[in-house]
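**Student:** Reproduced below are the annotations present in TrEMBL:
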DOMAIN    41-240  domain 'Peptidase M12A'
DISULFID  103-125  disulfide bond
DISULFID  105-106  disulfide bond
BINDING   133, 137, 143  Zn(2+) binding site
ACT_SITE  134  active site
DOMAIN    242-352  domain 'CUB'
DOMAIN    353-465  domain 'CUB'
DOMAIN    465-506  domain 'EGF-like'
DOMAIN    509-621  domain 'CUB'
DOMAIN    621-661  domain 'EGF-like'
DOMAIN    665-777  domain 'CUB'
DOMAIN    778-894  domain 'CUB'
């Protein structure tokens, strides 16, 4: 039985069921009067609920310290509002692994059981709200808009959905979800946004069907859990109605009704959780509770759950001594019976840092990590591991107020058990310290913060460490033993590589490989390769498979000629097989896919200059298209793990997903860039065909058309077969040209964000047709009107950061007697003191020679700006390094103000 894998917007999304693939049930839109409470998108399968709400986790080593901090913040957010608890994995069989899968952002829904399960946080997914969303899947929630009753609440606009992404909007089957009495939640963090998987960022794919409190509710927030999310999770995990999850550095709590008395049959649970590296100190006051602890009592446990070690059971009027946790959590449980009703108890707690740590491994964090550490803190840790070992210390993240001599906030590490032990380092700033190893089994750490600037702090792992390479057997390594913190590894001299046993060495030069995936490196990697080497790797995959080679690192001697050292890649096993390329220098080759099921890789070095060499990965995938074109009538496109059929221009895919049928020839194109072709390209276009394309790009940008190839019936005036291009939304706009024959027209650029193209063929001669590329161009002349218009820094605003090495200039003009008003909605440009890298400039006039209003970067200009005349220039520049979100500005014409350039 397959468990469901739920993937996030902006990546491919597949739902896998034990009963097969989902099937769409259509729109079936109903009126609001017909809406009623129905099933919410939470799992109905009890085996997917994590026992006791405890979810063990592991974070893969490829994530940075800041990413790990975001993951922990997201987990603490769930803990704060529910009774779910995340713990670092120890011996648990079932657990989640934060990793990076090809799916991007994805997770199983609920507990899969029987081992690890992935929660993939891919590129651009490492945002707090997105991680909270993915953890919602882990806990047991589907996307809110996939509920069986969603058509009562939202409308799906299928025409605006990206091709191939329609299945992301299919509904769940009723048996897969359970309402638990909760209603549809527009505010849920599990809800799609209105333009998710849209053909363009300004096109909606999903919209609420009715107003709430007179306002159309927003959807798709990724900021925090909604009230509905919290209520549903608390019901799903049967959280106690009495008690709380406490995460502040200090606080208090008491039995219900204290000091006036509690009720019978009360059951309350408080979970106190401070940051790792801190401990909890709690003390309380008991008043008039039963002296028989089997009636009314308070239990305190040293840990995160009901089975943690018991610190004590308290009742009566006895005042317990202050209780200090061993780690960062305490569990407090209060129960009352019907035989006694007293006044109850009150308690206070606080987070304390530092102390003696006697264990072989663990984590130390600054107070309140990953949030800013608290002011005026002094924390001292004395770490001891088992005798005969050293202490290893590695930093996951580090951010402490910067100072040349670390005079204000700092972390001090000493090689021993006291502050008089030898100093290993005093650290501050933003660079992670190098790994640390002590000379004994003790380590002393001191963290100090003053009363001013606070930063995110640090997180470090400690563990017992031994030098395996110091043993007489050299760690059982044949050639070289390399000690690493927490382990060791064997290595070989240049020209050799580790054998399969990872201890002995053998000549490092090529081989015959039949594995489906793996990696290859130049001899001696990662050191410089030796001279006079000739290595040949022959990769062979099963029939119908194709091999893809991807270089991670590439650095050899040579230039474009590749005369000295080089790598040669061929489809086939012989030296005369089809050549994909001969590569050298420092530029990584693009990914290479074999033509057949084998690949030949040859590396040669001469007797002079040596470089670092290369490291490459290879993987194999079955090519369904290699046999009978995959059953496709027109084109078969192989994808990793599958394939799909596609039709030529002018045709659409048949319902059987393999054949093609003739379609209408009117196209709406909203992509930022792409290719358009004549019908049936690259074969001859049909006769008596009329096709249109309406191209729309991001507001504030223009469309550039460049013909890659044209072959149409020729005529001096293009009276027969031809292409007309218009500067606007339809054929009523200004005509930019009519083209035919075989001579490629020069590139054509629209004046606005719309372009109209019409293709016509008569009933006689047919030719190959045309292929043209369209791209978005920034800048241009814009007209300000009373109606508000939008301008974006780059065409892919909202989907990607602005590109590097850009220079854009917009001139916005209003009619005579009116000025231009700018209202910035979003502004995020690389910050630098003088705005010398990326910046936006404003000029009060028709060109850049006009008076400059300012140069802006970072958080940007004021919210509103008015021109003194009837025009204003916006100039945007980016260098080729750091890129940010960009800007979104709305502009309109306005009568001249008494106060020009006013700012709010």
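Note: Cβ is positioned from N, Cα and C throughout, glycine not excepted.
TrEMBL entries are annotated by machine, without manual review.
Relative to the rest of the structure, where do these features sit?
**Tutor:** In this structure, residue 125 (disulfide bond) belongs to neither helix nor strand by DSSP; it is coil.
According to DSSP, residue 137 (Zn(2+) binding site) is assigned to a helical segment.
Tertiary neighbourhood of the domain 'EGF-like' (465-506): same-chain residues 385, 388-392, 394, 435, 437, 521, 523-524, 527-530, 533, selected by CB-CB distance under 8 Å and a gap of 6+ residues from either end.
Regional average pLDDT for the domain 'EGF-like' (621-661) in the model is 80.
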**Student:** Just to verify a number: CA distance, residue 125 (disulfide bond) to residue 134 (active site), in angstrom, no decimals.
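**Tutor:** Residue 125 (disulfide bond) to residue 134 (active site), Cα-Cα distance: 10 Å.
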**Student:** Helix, strand, coil residue numbers for the domain 'CUB' (353-465) per DSSP?
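**Tutor:** Tallied per class, the domain 'CUB' (353-465) gives 0 helix, 57 strand, 56 coil.
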**Student:** Find the one among the recorded positions 133, 134, 137, 143 whose C-alpha lies closest to that of residue 103 (disulfide bond).
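**Tutor:** Closest recorded candidate to residue 103 (disulfide bond) by Cα: 134.
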**Student:** Please report the distance from the Cα of residue 137 (Zn(2+) binding site) to the Cα of residue 105 (disulfide bond), rounded to the nearest angstrom.
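**Tutor:** A Cα-Cα distance of 11 Å.
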**Student:** Quick check on the disulfide-bonded residues 105, 125: which one has the highest count of other Cβ atoms within 10 Å of its Cβ?
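**Tutor:** Top count of Cβ atoms within 10 Å goes to 105.
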**Student:** Compute the C-alpha separation of residue 105 (disulfide bond) from residue 134 (active site), stating it in Å without decimals.
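**Tutor:** The Cα atom of residue 105 (disulfide bond) is 7 Å away from the Cα atom of residue 134 (active site).
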**Student:** Work out how many Å separate residue 106 (disulfide bond) and residue 134 (active site) at their Cα atoms, rounded off.
**Tutor:** 7
**Student:** Give the distance between the Cα atoms of residue 134 (active site) and residue 143 (Zn(2+) binding site), rounded to the nearest whole Å.
**Tutor:** 10
